[in-house]
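Report on the structure given below.
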């Protein structure tokens, strides 16, 4: 069989094991194939082994390691504007909620996004996605939530749909209209009813709804009513949960069968135990804790309880202006207690599971999409040690070499 591409001279081919989502102690189990080759045809991995099938193109990896293309399941692309001044405010002691209540935070980005054209959102988003691709991130979730009214929310969702067409990273959209209470509304219930009426229009762009369920934003009972409406319409559910305080949002995610509960920095033991016994994946975002100088989610406890854990960047203009996956993995290992094997599983197959893509992304296996990143390391175990200067040798997306260091 003649293939499109072969990758030879790989020191390690690293891939998660097990049926997704991979839970608890199984997250530390990786398939490590040493000194094997990969063959790709029609955008799919068709062979992994010692042979070198004839190919239209061959890459000599020169001892690099291969990981599945990384999957970032929680970002706030697309957005525009700059909130560097808020970073300085936080250094001077202002809290996230204090900045938000003063008209900064999410609402300042809302003003910028409402003014921006669709073209500007697409161009800004494409730039960020291209930079992420160079780091080996091949699939990214993006959210609305910086519009907070119908026209601007749909504009963000249109931008995500266009981004999925005009650049190489796969972009998976989520509706996060319930990100904050806009200035036009005084009553949260009234605003959530407004969003509920938008859902029929949103369905054209996404099958997933998210909400910022937090004390002072949308409380548990308010969130439950909105999410139940979305669920009744067939939407998959996600929650920003227990980020700033233990609010009950993580338990609500379990109750409603949400795909994920994200952040969980302030989740109590009872909440973590409930998540571990459910089908809800815990998403930890250590970059946000790092950026805000806050405590970190208890990733070690989540895994020890048996949860499926995913990692994500939370890339956004205010609380985490970071999209580097190797920094995120470093923080997961050094601050959240994960083993590097668990971090790899969390940023690949478990992340893909959240986006309903784990049947074709997040593993280097025959039949999976040929999304692969080659790193100039001796072993995957060097990722948290070398995180600030990892050489990305090549990125393969859908069987095409889309980035090469030379």
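Using the three backbone atoms N, Cα and C, a Cβ is placed for every residue, glycine included.
Together with 316, 318, the N-formimidoyl-L-glutamate site in Swiss-Prot holds one more listed residue from 47, 127, 146, which is 146.
Together with 83, 146, 179, 243, the 4-imidazolone-5-propanoate site in Swiss-Prot holds one more listed residue from 11, 313, 319, which is 319.
Among 4, 170, 314, 324, the residue that Swiss-Prot places alongside 74, 76, 240 at the Fe(3+) binding site is 314. With residue 319 (4-imidazolone-5-propanoate binding site) as the anchor, the candidate binding-site residues are 74, 76, 240, and the one with the nearest CA is 76.
Cα of residue 146 (4-imidazolone-5-propanoate binding site) to Cα of residue 74 (Fe(3+) binding site): a distance of 15 Å. Rounded to a whole number, the C-alpha distance linking residue 243 (4-imidazolone-5-propanoate binding site) with residue 74 (Fe(3+) binding site) is 14 angstrom. Note: the N-formimidoyl-L-glutamate site is recorded as 146, 316, 318; in the same chain, 76, 79, 83, 105, 106, 109, 145, 317, 319 also have Cβ atoms within 8 Å of that site's Cβ centroid. Within 10 Å of the Cα of residue 83 (4-imidazolone-5-propanoate binding site), the following binding-site residues from the list 74, 76, 240, 314, 318 place their own Cα: 318. Around residue 318 (N-formimidoyl-L-glutamate binding site), the same-chain residues at least 6 positions away in sequence with a Cβ under 8 Å from its Cβ are 83, 86, 104, 105, 106, 108, 109. Secondary structure at residue 240 (Fe(3+) binding site), as computed by DSSP, is strand.
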